[in-house]
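Taken verbatim from Swiss-Prot:
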- 59-138: region 'Zinc finger 1' (REGION)
- CYS59, CYS62, HIS132, CYS138: Zn(2+) 1 binding site (BINDING)
- 296-374: region 'Zinc finger 2' (REGION)
- CYS296, CYS299, HIS367, CYS374: Zn(2+) 2 binding site (BINDING)
Amino acid sequence: MSSNKTSSFVPWKVATILKHQKTLEAVIQKAFLPGDPAEALNSSQFCETTAALDSTAPCKICQCLHQLCTHHSPDLSFYGDYAIICYYALHAPKTMASNLMLLADCLELIQLYFPDAPSPPPNINGLDIYLHFFVNRCFRLANTEKIMEWSNLDMLKTEFLRATLSGSLSGAFCFKTLWPSLTRAPVRMADECTCTPITNPGCGLDGGKLFHPACIGKDNFLDLILIFWKNTDAMTPANSLLADTLSRHQVYFQNLTPVETNASLDPSPALDTTQGPCLLSPALCLQKKNHTSSLCLLCECLASHSEAASVFQTFKHLVLNSINNKVKLLDRILFLQQDADSLSFIQDRELLKSVLVNCSPQEIHKHLFCDPLCALNSSLTDSVVLFGEVPDFEFTAFKATLATGNSLVHRSFQSCEILETLILLFKSLQTVKANKTTVSEIIKEVDASLKKHKFSLLSCYYTFNIYT
């Protein structure tokens, strides 16, 4: 029978990542793409990792937790601890760093409440975490009348993620015909978004007085993220050099070489290490275009550094207001990067400031002014929640309330299934082959949805063509 004991579990701690280093290393080693995608289907390891994207596949995280709870009857505090992980996921950006941290938190939860269960749980990887917490958000309460609408959007997102790995959309796919049937499209472009009935709005707790900022750097793990991508094409040469320097002084995660299977048992192609462990990232692949990559390093900073969100907000303000003339945004960014005094407001000068200075101006331009996923991540990220501190007694009561599910909403950002679906489709289109009609229709819908939600960005038409 379940008991009700007090739990001291707190998500988003770097100590949790380090504690589960061995398991996380194994997950990272299996997150590399084959060098020849055409031969990927011959690899049982690749097929096992990506099986979650099958249109009829169940959620591995849901299945794992359901089986554990059914067979082991955990303490009641388990449900509060799982709910607080979900709450943190709502306030985190959709990045590789977030996927890694959430996986570590889930491993910790299983170890705490199910000590007799197999550890680690078999066949759980970063893609499963991404689908559960960020794509499908399985933990959210849904308006029953809208469950089919919500499910259709999830199926569409899965289809585009699958296309990201295969390289192309199905020839039978027609967005112009399908999209109006999935959403209650407004008649006029200026109408408000119609997405809010999909989830139950207005039932969250005001956690504004609960979380308090912690000391800068207490649970930052940006150094680990840089190390994971040090030998890849994701970063500029200067940031790669910084990552290499960090790696030489770090005793953790030194065994990240991808696992090569026995050719006689699994005739898999050689793995592409230049793309890094990209199956842990939302992009599921690594592409470069005009000095940017499909892995946004600044978004990774949001998830892994407590100061990043405020720094980028201040930097954006400086870009927009430091010059009165009509100087291009890229030039403004360059001027600030080259002026040491202009970045003196950054407290973490050794790491965060170095990363920002080492980024290409195009990376910063894309993140601050162009990319819809970067804009969404900036709105979702709440550093006070992710890196803040909460009194133990209040935190225990807060977790118990969250366990009912009614309060699992963002503190300040209005959830929008339609917007998040369109952004995922847009990002997938940047890496897959699709007909021009599909591309233009999706870009039009993304631009319209961004305007409805008060995002001020350059047209997605330009972002689609110049960046990745």
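Glycine is treated like the rest: Cβ placed from N, Cα and C.
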Residues within 8 Å of the CYS296, CYS299, HIS367, CYS374 Cβ centre (excluding the Zn(2+) 2 site residues themselves): LEU297, LEU298, LEU302, GLU363, LYS366, ASP371, LEU373, ASN377, SER378
Minimum Cα separation from CYS374 (Zn(2+) 2 binding site), reported as the residue among binding-site residues CYS59, CYS62, HIS132, CYS138 that achieves it: HIS132
Nearest of the binding-site residues (CYS59, CYS62, HIS132, CYS138) to CYS299 (Zn(2+) 2 binding site) - Cα to Cα: HIS132
Among CYS138, CYS296, the one of these binding-site residues whose Cβ has the fewest neighbouring Cβ atoms within 10 Å: CYS138
Rounded Cα-Cα span from CYS296 (Zn(2+) 2 binding site) to CYS138 (Zn(2+) 1 binding site), Å: 25
Cβ packing number for CYS62 (Zn(2+) 1 binding site), 10 Å threshold: 15
Euclidean distance between Cα atoms of CYS296 (Zn(2+) 2 binding site) and CYS59 (Zn(2+) 1 binding site), Å: 27
Cβ within 8 Å of the mean position of the Cβ atoms of CYS59, CYS62, HIS132, CYS138: remaining residues of the chain near Zn(2+) 1: PRO58, LYS60, ILE61, GLN63, LEU131, ASN136, PHE139
HIS132 (Zn(2+) 1 binding site) versus CYS296 (Zn(2+) 2 binding site) - Cα distance in angstrom: 21
Summary of DSSP states over the region 'Zinc finger 2' (296-374), given as helix, strand and coil counts: 56 helix, 0 strand, 23 coil
Three-class DSSP secondary structure - CYS62 (Zn(2+) 1 binding site): helix
Whole-number mean of pLDDT values that fall within the region 'Zinc finger 1' (59-138): 94
Residue, out of the binding-site residues CYS59, CYS299, CYS374, whose Cβ gathers the largest set of other Cβ atoms within 10 Å: CYS299
Alpha-carbon spacing, CYS62 (Zn(2+) 1 binding site) to HIS367 (Zn(2+) 2 binding site), which is rounded to whole Å: 33
